[in-house]
Amino acid sequence: MAKNKLCIASWNINGLNAPIIRSMCLDWLKRHSIDVAFIQESHFKHSDMHRHYYTSAAATFNSKSCGPLVVLRRSLSLTIVGSYKIAFLCIYASNNFSPEFFGTISKTLYDLQDFSVIIGADMNAVLDPLLDRSSLIDNFSLTDLYRAINPSLRQYSLYSFRHKTYSRIDHLLASATSYTEIHSAAIHPNSLSDHCVVTAQLTLSKTPTKARRWRFNITLLKNNDYCDHFRNHFKTFISENANSVEEPRVLWGAIKGFVRNITISFASHVN
């Protein structure tokens, strides 16, 4: 990257086909100096959308109501640096998603293990106990950028008029290898959509780095309390999740995350 700082945004816009909405949305991105935007529910198919932005990647389904886009600022300067590979992913989990949806996301992330990853997502419906947001974050060592900067602030990205509830379902996530510093992260209410815009500014890694590898403390194998605790929880974990996915790598990744989390939790309690 010629530019080491990157401003990113994730936004469920609920439609960009109306020219006035499209113009107001992209002008908002420009005013906030957004370099890369992850747009969900764009309803839009054209790549040449704005004098300052263009569609770098898009996925449209049978209905044009989804249409997640990755939008780049035209003046963003990109330079190939050695073998450093970075992937931008835009995810939209609809209300009627299939149970295999998050399995597909996990498989994609496994296939991108050689990449640094930055994700903009609307996790609209997360039901699977194995493949929910927390599991994705833990299993793939992703950072919730907003929560990293605002660890205790209670703020939401969507208000549901139907259920009369607030939720934070819009996210910016990044792998530990993609950045060296998170400068800011915020949630912005707006008049164009019922979803708020989530933004963050990062300093990108100049060279690829490997995420710090967690190592199991083998002395715990001699601790009877730990072994009993592990067996009881592992039986429950397997009974709930063994048949929930078809891809073995997804289950194996979740098992590794389970072992890491339960071990860290036990060790911290003992200490």
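Backbone N, Cα and C atoms are what each Cβ position is placed from, and that goes for glycine too.
Worth saying up front: this structure is predicted, and the values here are computed from it rather than measured.
Feature annotation from TrEMBL assigns domain 'Endonuclease/exonuclease/phosphatase' to 9-195. The site 'Important for catalytic activity' annotation in TrEMBL covers Asp170. What TrEMBL lists as Mg(2+) binding site is Asp194, His195. Annotated site 'Interaction with DNA substrate' per TrEMBL: His195, in sequence order.
Averaged over the domain 'Endonuclease/exonuclease/phosphatase' (9-195), the predicted model reaches a pLDDT of 82. In this structure, Asp170 (site 'Important for catalytic activity') is part of a beta strand by DSSP.
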